[in-house]
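Taken straight from TrEMBL:
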- 37-162: domain 'MrkD-like receptor binding' (DOMAIN)
- 187-318: domain 'Fimbrial-type adhesion' (DOMAIN)
- 1-22: signal peptide (SIGNAL)
Amino acid sequence: MKISIILLLSCFLAYIPGVLSASCQYMAPQSPAITTVSFGQLIIAADLPIGSIIHQQDFNSQGPSALVAICDAPQAVSWGNSQFNRLSTGDNSTYDSGIAGIGIRFMFNKQANITASLPYLDNHLSRCKKRIHAFAYCINSFKTLTIQLIKTASNTGSGKIADIQLIDASINHLSVIRYQLSNTRIISPSCILSPNHINVRMGKVNARYFNGIGSYSPALSFKLSLQCSNINSLSLIFRGNRASDSTIFELNRHHHRAEGIGLVINHQGKRININQAVRINRLADTLLHSEYFSAQYIQYAPVTKPGRANLTVTLQLLYP
């Protein structure tokens, strides 16, 4: 009876070193090792193409060599357990950051430029170079990890990305390295015309104002209301057809339109050039910004003819 008791006790003591896993355990002081990842404040250009890398960081194996796990057999490493969800677009390698149009990707072989879907299994985990055990693994045993933020849609949002786990590396189900996102904010400049259609009523203009080339009607003031956020500079382009020089718009073509008459748009006392940028030097601190212009008809030909004097101009907004 005594012999049986001793044998049972020996089996129990042999199991204690592997209590955290069947073949591996953490090493003191504590694991997993946690790496904080911060991309800081990122401004997304409106014209950045979909699929572009906004920012990326590499975490290479030349870092700390602290011993993180000790195993009784060779091991592979499994990368996964991201707390971010996959995008619902069918792209298994891109994760939703929680900010519209912004995705997260992981790369384990940057030279090959191949992103990975999770879980990603690496069967070539190198043993720790410095240690006593035949199958000891250090932080620098792992391949280089690249974490990317990419643009996934033409329109992007703004806000802080959640401070949650990006990814971790596990050996035999033991999480030994974790990457935690922190302090990452997306800023997407935006600006729209509000309302997006402006009707400037010029009314009836007496033909007596036009008594030669260069003569013009009284100017009528109008304003453009712009709703902008996160923008320091803005340019406007008034697009249309030229009637004569680069400042005179051709009226809409119609069989009853006025002849020899065009229209000019003035800004800060100067005529704007058709299809060329007009720079707005300072935007208001508030979201709603008003910019003031005036319009007037001008005679550009020796002979004029009364008629309809409508004009359609397309306004383009340019900002970083």
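Here the Cβ of each residue, glycine as well, is placed from N, Cα and C on the backbone.
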As a quick check of your reading of DSSP, tell me how many residues in the domain 'MrkD-like receptor binding' (37-162) are helical, how many are strand and how many are coil. 6 helix, 50 strand, 70 coil
Grouping DSSP H, G, I as helix and E, B as strand, the residues of the domain 'Fimbrial-type adhesion' (187-318) number 3 helix, 58 strand, 71 coil
Between 0 and 100, where does the mean pLDDT of the domain 'MrkD-like receptor binding' (37-162) sit? 84
